[in-house]
Amino acid sequence: MSSMDAQTNTVGSSRAERKEREKEKIIQREKQRHTVKTISQILQKSVGEQTQEERTLLQDHQETVQELSRRQSRRRLLQSKLEEVFDEAESLQGKVRQLAEALQRAEHVVVYTGAGISTAASIPDYRGPNGVWTQLQKGRSVSTSDLSRAEPTLTHMCIWLLHKEKMVQHVVSQNCDGLHLRSGLPRHALSELHGNMFIEVCSSCCPARELIRVFDVTERTALHRHGTGRRCPHCGGELRDTIVHFGERGTLEQPLNWSGAAQAAQRADLILCLGSSLKVLKKYSCLWCMNRPANKRPKLYIVNLQWTPKDNLATLKIHGKCDAVMGLLMEELGLEVPVYDRSQDPIFSLAAALGPQEQESHSREEIAPPAALEEDSQAAPDPGPGPALQGGWFGRGYSKARRKKKTL
């Protein structure tokens, strides 16, 4: 046999051995999967229902049994964190009284708000039972009515009043719905960390130029694609939205106002979190003063129905809907609950009109000014909610990877 033939036989033998080893690995993995599945089914039975053979199998695979038990415990813990909890009426009243007393004593109050304060305006939250992320994780589509129909909720208006009464100094919001702005809250007292659906900006201008609209400017935008299709009327540069999607880092000075948020947090002696899971906000270290000793940090009060990662640091956790809690708080403070008045909505005085060539640049419904509302109501009956629209900035940028199940 020539050396060439011997080398060929050796290569062929090595290839056959590799295939055999791969085949053995596949068979072994299948056996492991079958064993895990069998043990999982056995563990679902009560001890009395298990046969002697099944009990022996469990005894022979103690590591697998322990790992499956740990997985089950983790699932139960995760499920418990997703459950909504409501305080009893008497307990809720007592907690709100404590919050009112704390607000009256505080010198610099900052409010952090999440999607939970806008659910009363028919805007879904993210992690609630019917939240955007919850629905997407279940493989369901997300759609909503045009958000121009949403109006500031009781909570938005209470926050506006507390700022007016100098009981709240700054508001840091994760919401993009623009409802804080529309409630009348001054721009300098507001940080919209994830943007505002009514604002588009020209980054070519220096400083960046803002244009506020009376419609959702995010119709054509998405993750890493922010151009709105319109041009700056001053320099001709491309206009972009201000939304910060999951996985992006916001760089705009306004409406994000990170400097205002960080400065407010440093001065705060009380932080009130309303309707936020805090799973995103917790990552912003500048908002929590964690570099200080615990007794030097702001007192933390949380209003949320679900668990948050800051619960163990909170001075008080209130399990209740934001509107209900804020309504009770106004009573405790002796303040009249304000009502949103569209005729006083600042968006109409702040908004920039579209140019003649831009009238067809969007298909979103515009926020109707009060006069137009009166004319419409007299001219025609209410047409109803209208067709559902794919959810604007809702769910865009959602690319949360599903973790692969660990193989035992």
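Each residue, glycine too, has its Cβ placed from N, Cα and C.
Residues annotated as compositional bias 'Polar residues' in TrEMBL: 1-13.
The region 'Disordered' annotation in TrEMBL covers 1-33 (among others).
Taken from TrEMBL, the feature compositional bias 'Basic and acidic residues' covers 15-30.
The coiled coil annotation in TrEMBL covers 51-109.
Positions annotated as domain 'Deacetylase sirtuin-type' by TrEMBL: 89-336.
Cβ neighbours of HIS194 (active site, proton acceptor) (same chain, under 8 Å, six or more residues apart in sequence): SER173, GLN174, ASN175, CYS176, ILE243, VAL244, GLY250, LEU256. If you look up TrEMBL, you'll see HIS194 marked as active site, proton acceptor.
The Zn(2+) binding site feature in TrEMBL is assigned to CYS202, CYS205, CYS232, CYS235.
The region 'Disordered' annotation in TrEMBL covers 355-408 (among others).
The compositional bias 'Basic residues' annotation in TrEMBL covers 399-408.
In sequence order, SER203, SER204, ALA208, ARG209, PRO233, HIS234, GLY236, GLY237, LEU239 are the residues of the same chain, not among CYS202, CYS205, CYS232, CYS235, whose CB sits within 8 A of the CB centroid for the Zn(2+) site. Each residue of the compositional bias 'Basic and acidic residues' (15-30) gets a DSSP state, and the totals for helix, strand and coil are 16 helix, 0 strand, 0 coil.
Looking only at other Cβ atoms within 10 Å, the busiest spot among the binding-site residues CYS202, CYS205, CYS232, CYS235 turns out to be CYS202.
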